[in-house]
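To start, the structure itself, in structure tokens.
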Amino acid sequence: MKTFSYTAHSKQVLGDMHTPVSIYLKVRDMYPQSALMESSDYHAGENSLSFIALCPLASIGVNSGIVTASYPDNSRKEEPLTQSFTVEKAMNQFISQFQVTGENKNVCGLYGYTTFNAVKYFEHIPVKESHDEQNDAPDLLYILYKYIIVFNHFKNELTLVEMLGEGEESGLPELEAAIENRNYASYNFSVTGPVSSPISDEEHKANVRKGIAHCMRGDVFQIVLSRRFIQPYAGDDFKVYRALRSINPSPYLFYFDFGGYRIFGSSPETHCKIEDGRAYIDPIAGTTRRTGDTVKDRELAEALLADPKENAEHVMLVDLARNDLSRNCHDVRVLFYKEPQYYSHVIHLVSRVS
């Protein structure tokens, strides 16, 4: 099995004249298939970093039970999943083929996503297969990028990190020049048709009633029903991301450009974090609006803490987090419980299970 060795080189530059969005707008045309992982409305130094990933070197994806791995030498490997060749084994095997040394090597990892449907690869849960020509993204996709730009919001510092193979020349001067360039291309965005959905309002209401019935029977603790909406458009969908980050700033904003499709969103929740050999899940349940008035906000937070429905949901999610961590960890504990956390637009009840 071939291995690929890289050394991480980095350069620190002043960041007081830049934002993650402005930098991304400058570099995205030079480096297609890029990613922006932005932190806004952050609460501590641990989530005050934003990342821009550029120039894919390698990737691993899973779709319809087939693992596809692409490598820096342009080789490609496909292998079906089996009882012995699982997603975990495929990922670990892929990661083991890359050796990275040097400063800031910790940011030279895999960036990507896992869809809800990928649960079928980890649990014995039947998932209804659906194929949509316009939405055929892999169930799971992670990419190793050559360049990572790290933006420290507290220090107003930029760190440019590059993975260099033996004998390669550095591309950091060109990247830095692109960042310092004050001009960048701007594109329009407009909708070109009405909003539609694959299911009607009545069908969605019927699904809600079915979900309630399953909860009442005790089949499940909770069901979250989603509904897809579609609207044709023309132009630059990054403007939609910019609108989203404006109305819903959060610690976890993301925009991934995979070439044929983009994925973007905004979330306040640390779904799972592993640091120094310890895993963390931050359940969030219980939300109320912010008013801008300190006294009124405190009253709303107290009402949230006293709400039976919100408390029941929060307790359930904390129990689920404890159960999930207990399957793979030991010494599971709740570090803090039902803590009101104030975001720009809302107040959430947050716990931390470790």
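Residue 1 is the first one shown; counting continues down the chain.
Cβ atoms are placed via backbone N, Cα and C, with glycine included.
Per TrEMBL, the feature domain 'Anthranilate synthase component I N-terminal' maps to 16-160. Sequence annotations record features per position, and here TrEMBL assigns domain 'Chorismate-utilising enzyme C-terminal' to 201-354.
Note on the domain 'Anthranilate synthase component I N-terminal' (16-160): its mean pLDDT in the predicted model is 91.
Under DSSP, residues within the domain 'Anthranilate synthase component I N-terminal' (16-160) fall into helix, strand and coil as 30 helix, 56 strand, 59 coil.
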